[in-house]
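S.K.: Have a look at this one.
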Amino acid sequence: MTDQEEAKLILDKLNEKIRYHDLLYYTQDSPEISDAEYDDLCHQRSIILEKFPSLNSYYQDYIGGDPDSRFSKVKHNERMLSLDNAFNKQDVEKFMVRTRKLLDMKENESLCFSCELKIDGLSFSIIYKNGKLFQASTRGNGYFGENITNNVKTIENLPHTIQNAPDFLEVRGEVYIDRNDFIQLNNEGKNFANPRNAAAGSIRQLDPTITAQRKLKYCMYTIVNSNCLTQTESLNLLNSWGFCTNEHTISTDNFEEAINFYNKMYNNRSNISYDIDGIIYKINNIKLQHILGTTSKSPRWAIAYKFPAIEGKTKLNKISIQVGRTGVLTPIAELAPINIGGVVITRASLHNKSEIERKDIREGDYVIVKRAGDVIPQVVDVDKSLRTVELAEFNFPTACPACGSTVYQAQQEVSIYCMGGLFCHNQILEKIRHFVSKDAFNIIGLGKKQLLFFYEYGLITNIIDIFTLEEKINNKNIQLSSFNGWGEKSINNLLSAINNSKVINLENFIFSLGIRFVGKHIAKILANHFISYKNWYTEMLKLAQDVNYTINIQQVGLKTINSLRTFFTEQHNLNMINNLVEHLTIIDAQSNSYVSLIHGKTIVFTGELSSMSRSEAKLKSETAGAKVSSSLSKNTDFLIIGNNPGSKYKKAQSLNIQILSEDIWLQYIQPNKV
């Protein structure tokens, strides 16, 4: 058998696999493999075709899947093509070099590209006749799509009529669903694997009233046979007709700028409300697009630079249980290492007992793991086709694995809790970790490893111990420097960080207590409402002492109020707070309707202040709206001087920076009502 004959056999098998997965993905909206695995199959096929070009005559390019027979077929006036993929910077560079060569461009000629988000949704086309929506269809196999006209009409903000449009107009775009709406949809009893499947399944409903309930969104990206000169002009025209287009779009003739846009959107994708899986580069000049034309599958003038995979398949070796600071028992998947998006994943969240039962997850299974942005990796599905032997169902523990206490499940909750409370060392350690975290007391140098060390030696067993640590070390005559990892500098830095943390704003203080349902956002709302620690504490006591008493604050719901009431009903919590505040200076919050004379200014301190510590002065200044810097520059607005100012004083004079005494600064930070 020749190499080419062998390659043809491999190609036939690859084509069969790809067609099978196309059917599942495009028509049935129930893929069995991840996008990365599918892309790998297509990549293997392209390598063979590149090595044996004559095999192209045996290979028919398919796009998507055949239309769903439940819907009437629609023949596309212009084929709806898919895009070639790039998987690294070099692939993009090759594409840009190739297009310049095909266009016979000189080295000094610029070629502008439109850089757009590749939204992970379902492609669709709409035809307008005489300004009225006439017909909408899916991509289907590129030649024929499914008629989804009535369903598309239910999408919010999609124009049914257009002013000043040509008699015949075809526009194309993407239907998608926001991640939060997808989560809500599944919480209501649906079982979609991901937002893309949810959008595709929703637009293919036989009953348009169901589609209307699904909160679908859309984004238009092209006008078929446009008279516009550029892609940028096309997008502007779509906007003028009332269509939604994507705001995250740039045009550039600079390769590095195009790559920087990719990197920026990749790093920022978790802050976008919908899923994106890459960047599309299109030649901006539409005349040049026509010159380049298309292959049987894709345009020669565009390419999709895919993001690294956020999903992958690996073996679940073991399910372990993690006990958090609120006592919640969280199941964790211990995985065979897998590289997802450049990060090696060995553990992932399984959420709760109900999720394990619903997905029928068992130790030894092969599972789909998803990682999105900074979100904790999670197991989203199980590949049961690889469960070749009978695996035992997972039994959730009836006792806390950390302390042995009984566990319980509250009514109407999926979480299971340890009843050990302060007896459970896992809860204590997690509570302390939360207390010292960045958005709470922000004590640098007290990480998980250090806390465990101090806990085991009985130096920090509760949060009060943090502020008496130096005293305990001295009383017990413990030489920290004799332990591995504890040098004189690290000890001094830690004790200094603890001392500096004793000045804290009200918002961070409330958050540090770890009260259930009181996250950073709610803590800020409470601080801004009550302004001072005294006001807040007094109201919390009223809440605890009178079951009929309540607080009316926008965005603070009954669940949060009941949690605050429960927390302040416990005497040990009151004792802890009262002991804690003896070590602290809690800075009042400033009402949102107040500003100060240093609001928005950059300030620097030098010398020793007589009225407070430097850390307290920094916090007061930041509370008043100033940015506090450690070094002078031409952007510094004020230098505040105390006793024995350093060299910054002379430098400020040479830079003509305004100098304030401590007394004047104290006046400047007072709130002025606006």
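Just so it is clear, glycine is given a Cβ too, placed from its N, Cα and C backbone atoms.
According to Swiss-Prot, the active site, N6-AMP-lysine intermediate annotation covers Lys118, on the basis of sequence analysis. What Swiss-Prot lists as NAD(+) binding site is Asp35, Ala36, Glu37, Tyr38, Asp39, Ser82, Leu83, Glu116, Arg139, Glu174, Lys282, Lys306, and the listing cites sequence analysis. What Swiss-Prot lists as Zn(2+) binding site is Cys400, Cys403, Cys418, Cys424. The domain 'BRCT' annotation in Swiss-Prot covers 593-674.
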S.K.: Average pLDDT across the domain 'BRCT' (593-674)?
M.R.: 84
S.K.: Please list the DSSP helix, strand and coil residue counts for the domain 'BRCT' (593-674).
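M.R.: Helix, strand and coil residues of the domain 'BRCT' (593-674) number 24 helix, 22 strand, 36 coil.
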S.K.: Taking the Cα atoms as reference points, how far is Cys403 (Zn(2+) binding site) from Leu83 (NAD(+) binding site) in Å?
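M.R.: With distance taken Cα to Cα, Leu83 (NAD(+) binding site) is 56 Å from Cys403 (Zn(2+) binding site).
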S.K.: Which of these recorded positions is closest to Cys424 (Zn(2+) binding site) if you go by CA atoms: Glu37, Lys118, Arg139?
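M.R.: Considering only the listed recorded positions, the nearest one is Glu37.
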S.K.: Would you mind pulling the DSSP three-state label for Cys424 (Zn(2+) binding site)?
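M.R.: It is coil.
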S.K.: Could you say which of the binding-site residues Leu83, Cys403, Cys424 has its Cβ with the most other Cβ atoms inside 10 Å?
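M.R.: For the binding-site residues Leu83, Cys403, Cys424, the Cβ with the most other Cβ atoms within 10 Å is Cys424.
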S.K.: Relative to the mean position of the Cβ atoms of Cys400, Cys403, Cys418, Cys424, the recorded Zn(2+) site, which additional same-chain residues have Cβ within 8 Å?
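M.R.: So the extra residues in range turn out to be Val323, Gly327, Pro401, Ala402, Gly404, Ser405, Val407, Met419, Gly420, Phe423, Asn426, Gln427.
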S.K.: Secondary structure at Arg139 (NAD(+) binding site) (DSSP, helix/strand/coil)?
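M.R.: The residue in question, Arg139 (NAD(+) binding site), is coil (DSSP, three-state).
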S.K.: State which of the following recorded positions has the fewest other Cβ atoms within 10 Å around its Cβ: Lys118, Arg139, Lys282.
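M.R.: Relative to the other recorded positions in Lys118, Arg139, Lys282, Lys118 has the fewest Cβ atoms within 10 Å.
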S.K.: In whole Å, note down how far the CA of the residue listed as 'active site, N6-AMP-lysine intermediate' lies from the CA of Glu37 (NAD(+) binding site).
M.R.: 18
